[in-house]
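Novice: Shown below is the structure under consideration.
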Amino acid sequence: MAEVIDGKSVAEDVVQKVKALTAELVGKGAEKPGLAVVIVGEDPASQVYVASKSRTAKECGFHSLQHTLPADTSEQALLKIIGDLNADPAVNGILVQLPLPGHIDSGKIIQAIAPEKDVDGFHFINVGKLGTGELETAFVPCTPAGSMLLIERMRGKDLSGLNAVVVGRSNIVGKPMANLLLAANCTVTIAHSRTRDLPALARTADILVAAVGRPEMVKGDWVKPGATVVDVGINRIAAPEKGEGKTRLVGDVAYAEAAKAAGAITPVPGGVGPMTIAMLMANTVASAYLAAGMKRPSF
Ligand SMILES: NC(=O)C1=CN([C@@H]2O[C@H](COP(=O)(O)OP(=O)(O)OC[C@H]3O[C@@H](n4cnc5c(N)ncnc54)[C@H](OP(=O)(O)O)[C@@H]3O)[C@@H](O)[C@H]2O)C=CC1
Ligand SMILES: Nc1nc(=O)c2c([nH]1)NC[C@@H]1CN(c3ccc(C(=O)N[C@@H](CCC(=O)O)C(=O)O)cc3)C=[N+]21
C-alpha cells in the first residue's frame, strides 16, 4: 500500500515559513508583501479558490487585495487595472484567475503583467527562465512548483536515473512540470491526447504526474509498482451516494486502485491543491524580498 503524501501538511509548513519570512521583512522596516488577485466573472469554482487564496494571504501577514469584476469587463479595462497594479509599489504579486471570459485574450493579459510581479509564472520571461534553467530568478508556476516540493519530500532533490512521465501538456501544469523534472535530472516524457498506448508508457514511470482533467483516468494497472504518483487533477463529479444533487472531488487518478501499486501517492483533495496556494504565497514573499533589495528566500 502506498504512502499517502499529505499535501495539506506540507502546504502548512510552507505557509508557516512564509509567515516567518514576512515578519522578518516587516521587522527590517519594509512594507508587508502585497498580493492582488483579479477575477472576472462569476464562475463558482473560481470564487472558491480565490477566497481561499485571500484567506491564506491574510494568514501570511500579507496585504491582500481582490478585484472582482463583472463578466462583461472589456479587455481594455482589464489591461488598465493591470497597468495600475504594475505601477503600485504596495503590490508584489498579481494573479489573474484563469480561464477568462471568451471575449478577453488571456495571452495578452498575462504578458501585460510585469514579470517581476508575475507570481503565477506565466509571463514569457518566467517561462523562458524556467526553460533555460534560470531557476534562481524565475517565478515557477505554483502547481508544478508545489508538486515538485511533494516529490522532493519523497525522493530527494536529485532525481537522477528516474523516468518521469507527465500526462498533460498545458502551459500552466504539464510543460512547466516537465521542465522542473528535467532540471532535477529525470528522464522526462510528456504525454497528451495524441499519445499512443498511454497505459504502457505510464508503466515506465518511476514518477507519474497526471494533469489531464479527466476524472480517474489513470488506472491501477498503469502504475509501476513502487512509483511516486502525483495527481494534479481536480474534478467535481456527481456523488449520488451522498444524496441527491451532491458532488465530490476526484483527481485524474483512480486513487484506490493506484494506491495499491504506488510507493507514494497524493490524494485529492488534500494533495497538490493546497500546495498550489502555498506556493503562490512563497512566490509573493520572494517577490517582496527582491523588491526590498534582499536575497530571495528558497523553499
Ligand atoms: N491542483 C491544482 O492546483 C490545479 C489543478 N488543475 C487541474 O489539473 C488538470 C489539468 O489542468 P490543465 O493542465 O489546466 O488542463 P488542460 O485542459 O489545459 O490540459 C489538459 C491536457 O491533458 C491532455 N489530455 C486530454 N485528454 C487526454 C487523454 N485522453 N489522454 C492523454 N492526455 C489527455 C490534453 O492533451 P492535448 O494537449 O493533446 O489536448 C492536455 O495537454 C485539471 O483537472 C485541472 O482542474 C489545474 C491547475 C491547478
Ligand atoms: N491564474 C491562475 N492561477 C492558478 O493557480 C489557477 C487558476 N488561475 N485557475 C484555476 C486553477 C485551479 N487552482 C486550484 C488551486 C487550489 C486548489 C485547492 O486548494 N484544492 C483543494 C480543494 C478545494 C475544494 O474543496 O474545492 C484540494 O485539492 O485539497 C484547487 C485548484 C488554481 N488555479
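Every residue gets a Cβ built from N, Cα and C, even glycine.
Predicted automatically and left uncurated, TrEMBL annotations should be read as such.
Annotated NADP(+) binding site per TrEMBL: Gly168, Arg169, Ser170, Ile234, in sequence order. Residues or ranges marked as domain 'Tetrahydrofolate dehydrogenase/cyclohydrolase catalytic' in TrEMBL: 5-120. As annotated by TrEMBL, domain 'Tetrahydrofolate dehydrogenase/cyclohydrolase NAD(P)-binding' applies to 141-288.
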Novice: Please give the average pLDDT for the domain 'Tetrahydrofolate dehydrogenase/cyclohydrolase catalytic' (5-120) in this predicted model.
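Specialist: Mean model confidence (pLDDT) across the domain 'Tetrahydrofolate dehydrogenase/cyclohydrolase catalytic' (5-120) is 95.
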Novice: Taking 10 A as the limit, how many CB atoms besides its own sit near the CB of Ile234 (NADP(+) binding site)?
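Specialist: The answer is 20 other Cβ atoms.
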Novice: Can you list which of the binding-site residues Gly168, Arg169, Ser170, Ile234 have their Cβ under 6 Å from some atom of ligand 2?
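Specialist: Among Gly168, Arg169, Ser170, Ile234, near ligand 2: Ile234.
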Novice: Neighbour count first, Cβ atoms within 10 Å, every protein chain included; then name which of Gly168, Ser170 tops the list of binding-site residues.
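Specialist: That would be Gly168, with the most Cβ atoms nearby.
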Novice: When you measure from the Cβ of Arg169 (NADP(+) binding site), which residues in the chain that are at least 6 apart have a Cβ under 8 Å away?
Specialist: Lys175, Ala178, Ile190, Ala191, His192
Novice: Quick check: in three-state DSSP terms, what is Ser170 (NADP(+) binding site)?
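Specialist: Assignment for Ser170 (NADP(+) binding site) reads coil.
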